[in-house]
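S.K.: One structure follows; several queries about it will come next.
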Amino acid sequence: MDIRFQNLGPEHWKGEIMLAPVCQDEVLTEICPQMDKAAPWLAIAPALRDFKGKTGELALMHGHPELAVPRVLAVGLGPREKVDTAGIRKAVAAAVQLCRQKGFGSILLPEPALARLPGGRERLVEECVCASLLALYRFTALKKAEKDEPAEPQWLALGFDGQEVPDASHAAARKGENAAWAVMLARDLASTPPNLLYPEKLAERARELAREKGFACTVLDEHELEKESMGCLLAVGQGSGRPPRLVILEHAPEGHEQEKPLILVGKGITFDTGGISLKPAANMHQMKADMTGAATVLATLAALAQEDAPRRVIGLLACAENMPGGRAMRPGDVVRAANGDSVEIQNTDAEGRLALCDALAYAQKTWTPAALVDIATLTGACAVALGTQIAGLFSDDADLAERIRAAGGACGEEYWPLPLWKPYAEQLKSDVADICHMGPREGGAINAALFLQHFIQEGVRWAHLDIAGVDWVSKPTPLCPAGPSAFGARTLLELARGGVL
């Protein structure tokens, strides 16, 4: 769906349907005169009498089919004092989904109707554009087209009140468009079956995007990983016929080549059986999305390059397939990490932290980061603690943690700080190695974060995002169908856009 602008005034607005966001108990024809001018028949629409503007309420009203704006969809936002950006985002997405179901090819969204709502004019433009595009997302690459499927809306136009489109509004719309593109890219990657997307293929896709969008991409194969002493990442992939890869991405726009980079590290386990510590069969198919962390990092770098963001950002994708087999790592194995420490493996289904620790060590050995953030579907313990709507955030840098929470909160991705409880580090001690890669079941998310922190050098600003639990949507929502959510992609993009760390 294209995003357009109409700025000749409401009398000249066009669209098969106009969205009209309304707070509870407001009179639709009085709150925004521009909407009344665009659809002068609205005051006598019978459905208007019954519309209350409650949260989630939608009312479709019809005028004469030959009019420039023949339909209005009233979108209820609930009580004004409770309206927020998250509610507006969800309401607009639900409205756009209804437009698709009805087969409307063009949608008009009056910008003056957004300007009167809380949240900030430009921010709401960005969020509504992003929400409208995400509302239409479906992973259909492997399916035949359905004969009776209604056509997708061709465009959504933001209507302005007879003025030039402000530069800030234009930029906000493009930011929303780019953010939605990044989320959809990450969802596509995480939805792709593991027989079609494995470490080499993910690396190939990264190279393609780098050529297309104009950022750098380097891939370390298994032989180069051996030279870099990445024994942990190699161990994760050694049971698979698909060798591991470390994908290195860099967006360094002109004038920013020498600045300290924001480094993003994503877990890229393209399929996770659990290895020798085999997972239960139920829902194992969802483990194709165990590379969501890597998908969000790749999507972020591509989106930054696409909008030519003035910030140097490096992304590392630690990619492997965790399979059982005669060569697979075993519980009790000891391997050597990239920082030189020996690591005892106790459970092969705790493989994500092994892949990440080598990538984190490599990042600090190669660059001096302004900040280092890893993102991973790491622990079921985090999902048990926080559920399916909030991700875990670990950091001993209060400023970095707050920036991440603010970035996520601005775009509907929420994080809850969890402790790096130092006494628990004692539980990672090993009798046979420098460190054991996991502790007891209790406090599992904390133990995993403490293991990663072991590989963070003194003075490096670091945060760990555990997105287990929020990476997969079981029931469809207005903003996401059932399946991979790409949670974290918008947070990372917002964080990278946010200026000096």
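Every residue, even glycine, has its Cβ placed from backbone N, Cα and C.
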S.K.: So Swiss-Prot lists K267, D272, D290 for Mn(2+) 2; which of E204, E208, E212, E351 goes with them?
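M.R.: Site partner of K267, D272, D290 for Mn(2+) 2, according to Swiss-Prot: E351.
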S.K.: Cβ within 8 Å of the Mn(2+) 2 site centroid (K267, D272, D290, E351 excluded): which residues?
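M.R.: Filtered neighbour residues, in order: V236, G268, I269, M287, M291, A320, N322, G352, A355, A376, T377.
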S.K.: Which of D272, D290, D349, E351 has the fewest nearby Cβ atoms, counting only those within 10 Å, among these binding-site residues?
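M.R.: Comparing Cβ neighbours within 10 Å for the binding-site residues D272, D290, D349, E351, D349 has the fewest.
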S.K.: For R353 (active site), name the DSSP secondary structure in the helix/strand/coil scheme.
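M.R.: It is helical.
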S.K.: Could you measure between D349 (Mn(2+) 1 binding site) and D290 (Mn(2+) 2 binding site) for me? Cα positions, answer in whole angstrom.
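M.R.: D349 (Mn(2+) 1 binding site) to D290 (Mn(2+) 2 binding site), Cα-Cα distance: 12 Å.
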S.K.: If you count Cβ atoms within 10 Å of each one, which of the recorded positions K267, K279, R353 comes out on top?
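M.R.: The largest 10 Å Cβ neighbour count belongs to K267.
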S.K.: If one measures from the C-alpha of D290 (Mn(2+) 2 binding site) to the C-alpha of K279 (active site), what distance in angstrom results, rounded to a whole number?
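M.R.: Rounded to the nearest whole number, the Cα-Cα distance is 13 Å.
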